């Protein structure tokens, strides 16, 4: 069975990678779908994020990385995918994700959303936190894959925030 794990992944963190690996133990195929979020100001372009994720996940079988503009359910319907994977870190994540799952189900009745609880050691990590700490010169190497740490350093040297 195929599932999609969508997100802005700006940038991908070790928490995301953990969810991806755990989802792969449940599903035969997983599409990591890089999406736009108009409410977020992204440091990396969609294509940069896609490339970074492909580098980070290159040793995993059963993973495809794709990019999508627009409604998530449109992508799912187009590709015949009926399962959505989401990670939950805290109660605040649950409230938002429940609302999104119900809205997506209304738009695509065949869709099921599977929630994976974040592993405790990654439960505090978010892409926003990673960017903020990196911006102020903090060490984020325990929160992101090495490829991402390098890309963050390069972006910050360019002055892109």
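Just so you know, glycine gets a Cβ as well, placed from its N, Cα and C.
On a predicted model such as this, the values are computed, not experimentally measured, just so you know.
Residues annotated as ATP binding site in Swiss-Prot, with sequence analysis given as evidence: 8, 9, 16, 87, 88, 89, 97, 122, 123, 124, 125, 126, 127, 128. DSSP assigns residue 127 (ATP binding site) to a helical segment in the three-state reduction. Cβ neighbour count for residue 127 (ATP binding site): 24 (other Cβ atoms within 10 Å of its Cβ, all protein chains included).
Residues or ranges marked as substrate binding site in Swiss-Prot (evidence: experimental evidence): 8, 36, 37, 38, 39, 40, 72, 86, 132. Taking Cβ-Cβ distances under 8 Å and a sequence gap of 6 or more within the same chain, residue 132 (substrate binding site) has no neighbours at all.
Following the DSSP three-state reduction, the secondary structure of residue 16 (ATP binding site) is helix. Its Cβ taken as reference, residue 16 (ATP binding site) is surrounded by 26 other Cβ atoms within 10 Å in the chains shown. Taken from Swiss-Prot, the feature site 'Transition state stabilizer' applies to 16.
Proximity to residue 72 (substrate binding site), judged by a C-alpha distance within 10 Å, picks out none of the binding-site residues 8, 16, 97, 125, 127. Between the listed binding-site residues, namely 8, 37, 123, the fewest other CB atoms within 10 angstroms of a CB are found at 37. Overall, the recorded substrate-binding residues 8, 36, 37, 38, 39, 40, 72, 86, 132 cover a maximum inter-Cα distance of 27 Å.
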